[in-house]
Amino acid sequence: MSEKLPYKVADISLAAWGRKALDLAENEMPGLMRMREMYSASKPLKGARIAGCLHMTVETAVLIETLVALGAEVRWSSCNIFSTQDHAAAAIAKAGIPVYAWKGETDEEYLWCIEQTLYFKDGPLNMILDDGGDLTNLVHTKYPELLSGIRGISEETTTGVHNLYKMKANGILKVPAINVNDSVTKSKFDNLYGCRESLIDGIKRATDVMIAGKVAVVAGYGDVGKGCAQALRGFGARVIITEIDPINALQAAMEGYEVTTMDEACQEGNIFVTTTGCIDIILGRHFEQMKDDAIVCNIGHFDVEIDVKWLNENAVEKVNIKPQVDRYLLKNGHRIILLAEGRLVNLGCAMGHPSFVMSNSFTNQVLAQIELWTHPDKYPVGVHFLPKKLDEAVAEAHLGKLNVKLTKLTEKQAQYLGMSREGPFKPDHYRY
């Protein structure tokens, strides 16, 4: 396949700004810097041709340059049409790394961008780094001839992991995969603490709304929902949760949140956030009962949670306030403010998670790529986890930056607990 464009970004002149942002982020990403210190000399990813499909942000740029420092060739696209930070994409392009991403892609351009990452100068991809499963699905359905040459997939997010397990159950998955999302240092940090900061950032930048005193409805009380609920409560909102899982619902109730259905909550809320990864969470009948100027947004991976199609087909008027902020006038006279067209609000309307928490997630990604590339015999076709020892190592790499001092087990204590002084400190089934 002939290579057409070395990169495609919004504006290559933003590269200098992007480079400054990368320099700042590196100081907040100790895990990735540790990976460079440990592996830059040995280059364990030498020979790997990694196709990446993950939000093209400043933090992702630091991940990309880490993979390259470890010996990999990389081609990149974003996993969301609104999530690219154009200065970050420009910096990566300027560094000579093929990247195909800009903020505000069409669905057709989005697919085109992913397809540009499949073929390298020395041959097709042989590793996948995915976020949400679009790249994984594309190769399995449209380019199955490439599957035999792919050594492994590392998947970043809950939605993509769900997709992998579904593929495996249906006998469709043809490549070994590591579930990065369920590393403790990913899901209990990125999903929880990342969303706790970036949700509010997105809502504030989009609307400048006062959150204190408002009623906020959070659909879903997984790790993402927990972070969102904490953030909204911290800013003074009264928070209502909707849930399908009795365990999560009980957790929410015991944290003091009201738990009810969307059919009831839609009449009370001023701000709505979907976090479920499921379809049909907020539908036409809910919009029709909402208060005037209710703010509706999503922080789950895909744009399937909010019925945006219903709004577009049934609203009397749609007014674009500014990029990714639309105000719909309904037939009943009430208005709905929709953020980021129902896609990820924290990346569509703000800058996504802070660098420090993304360092946790991306260090897991680097370790997963090294594992799959250097130990292919250990990972048959299926969905695997990183070992507990590596999870603990990711956490340990971030402690110094926060001036955390760990207590060290004595030999006597270690013998009493029946474990090594060096860990792992918890069994695999421990839930944290």
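Even glycines carry a Cβ here, placed using N, Cα and C.
Fair warning: this is a prediction, and the values are worked out from it, not measured in the lab.
Annotation comment: Swiss-Prot describes THR57, ASP131, GLU156, LYS186, ASP190 as substrate binding site. Here the Cβ of ASP131 (substrate binding site) has 27 other Cβ atoms within 10 Å, regardless of which shown protein chain they belong to.
Under the heading N-acetylserine, Swiss-Prot lists SER2.
Annotation comment: Swiss-Prot describes SER183 as phosphoserine, evidence class similarity to another entry. A sphere of 10 angstroms centred on the C-beta of SER183 (phosphoserine) encloses 27 other C-beta atoms.
For LYS186 (substrate binding site), the number of other Cβ atoms no farther than 10 Å from its own Cβ, over all displayed protein chains, is 28. Taken residue by residue with DSSP, LYS186 (substrate binding site) is part of a helix. Swiss-Prot lists LYS186 with the feature N6-(2-hydroxyisobutyryl)lysine.
Look at Swiss-Prot and you will find TYR193 tagged as phosphotyrosine, backed by similarity to another entry. Secondary structure at TYR193 (phosphotyrosine), as computed by DSSP, is helix. Packing around TYR193 (phosphotyrosine) is summarised by its Cβ count: 20 other Cβ atoms lie within 10 angstroms of its Cβ, all protein chains included.
The region 'NAD binding' feature in Swiss-Prot is assigned to 183-350; the stated evidence is similarity to another entry.
Take THR57, ASP131, GLU156, LYS186, ASP190, the residues named in the record as contacts for substrate: the widest Cα to Cα gap among them comes to 17 Å.
The CA atom of ASP190 (substrate binding site) is located 10 Å away from the CA atom of SER183 (phosphoserine). Here the C-alpha separation of SER183 (phosphoserine) and ASP131 (substrate binding site) works out to 15 Å. The Cβ of GLU156 (substrate binding site) lies under 8 Å from the Cβ of LEU54, LEU129, ASP130, ASP131, GLY132, VAL180, ASN181, LYS186, SER361, GLN365, each on the same chain and at least six residues away in sequence.
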